[in-house]
Amino acid sequence: MESKTSRSPSPEFSPLAIGTDLAPPRELKAAATTDLDFSGLLSNAIQLHEDLKSGNGGQAWPAGMVLAKHMLRYHRHDLQNSRILELGAGGGLVGLGVASGCDITQPVYVTDQVNMLPLMEKNVALNKLGSRVQPAVLNWGEPLGADVVNFKPDVILAADCVYFEPAFPLLLATLSDLLALCPSATIYFCFKKRRRADMQFLKRAQKAFQTVELVDQDREVFSRENIFLYSFRSKTRESKSAS
Ligand SMILES: C[S@@+](CC[C@H](N)C(=O)[O-])C[C@H]1O[C@@H](n2cnc3c(N)ncnc32)[C@H](O)[C@@H]1O
């Protein structure tokens, strides 16, 4: 069943609220389309269709909302020359928000596993953003495809991608590959700590990359919900600029 609703509260990471790739849900939240203006940061709201039948990325996650708002608030006018790629985009929440509200000149790649592709495509069509958002499959831990290598993203977005411990090394490998491909790139990384292991991910990232916790006017509020917002950059770039 599909309906158009006002925004529901951000989901908690409950096995009953997520898709079949982690735990078979007893009852899926009904598919629905919601208008989202990111607390007024978009003058024209985007429509986000959410459907957990696609997988756990089929609904908007709390770190996605935080990251989208951060990009709209602090990077609205400095992405004109950027090549933007989103990892684990789910239905495309962050990428659609950035493509709608930020000044961009190249399409934003929104990527996820193949099961999420139809939902990303649906949301791009729903918002008539075909010229500004390009959905694609990108599996963490696999070699980057030729399209990504050619695109050479220099702004990488990742929201709520820390939730499944076996995937941590895969995600770290892809982040490393992307920074090796473009050593000047910045990764905007937002996650919600749900388990102690999630901080292990951050520790590994801190070893591998130059990490900075980002300033954001909402930080006090979202940090109470255990949401963390970082930038990751290549350490190679750091040592080059120091020398
Ligand atoms: C919790 S959802 C977050 C979705 C969206 N970023 C948001 O904030 O609303 C995590 C996403 O990561 C994707 N994902 C999980 N493992 C992956 C992998 N190995 N390769 C690519 N994407 C993966 C899932 O399909 C899912 O869409």
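Cβ from N, Cα, C; glycine included.
Among the features that TrEMBL reports, region 'Disordered' is placed at 1-20.
The feature compositional bias 'Polar residues' is assigned by TrEMBL to 1-11.
Spatially close to A89 (S-adenosyl-L-methionine binding site) yet at least six residues away along the chain are G57, G95, V110, T111, D112, M116, M120, P135, L157, judged by Cβ distances under 8 angstroms. Annotated S-adenosyl-L-methionine binding site per TrEMBL: W61, G88, A89, G90, D112, W140, A159, in sequence order.
What TrEMBL lists as transmembrane segment is 167-191.
When each of the binding-site residues W61, W140 is scored by how many other Cβ atoms sit within 10 Å of its Cβ, W140 comes out lowest. Around G90 (S-adenosyl-L-methionine binding site), the same-chain residues at least 6 positions away in sequence with a Cβ under 8 Å from its Cβ are G55, N56, G57, G58, Q59, A60, W61, G64, D112, M116, L119, M120, D160.
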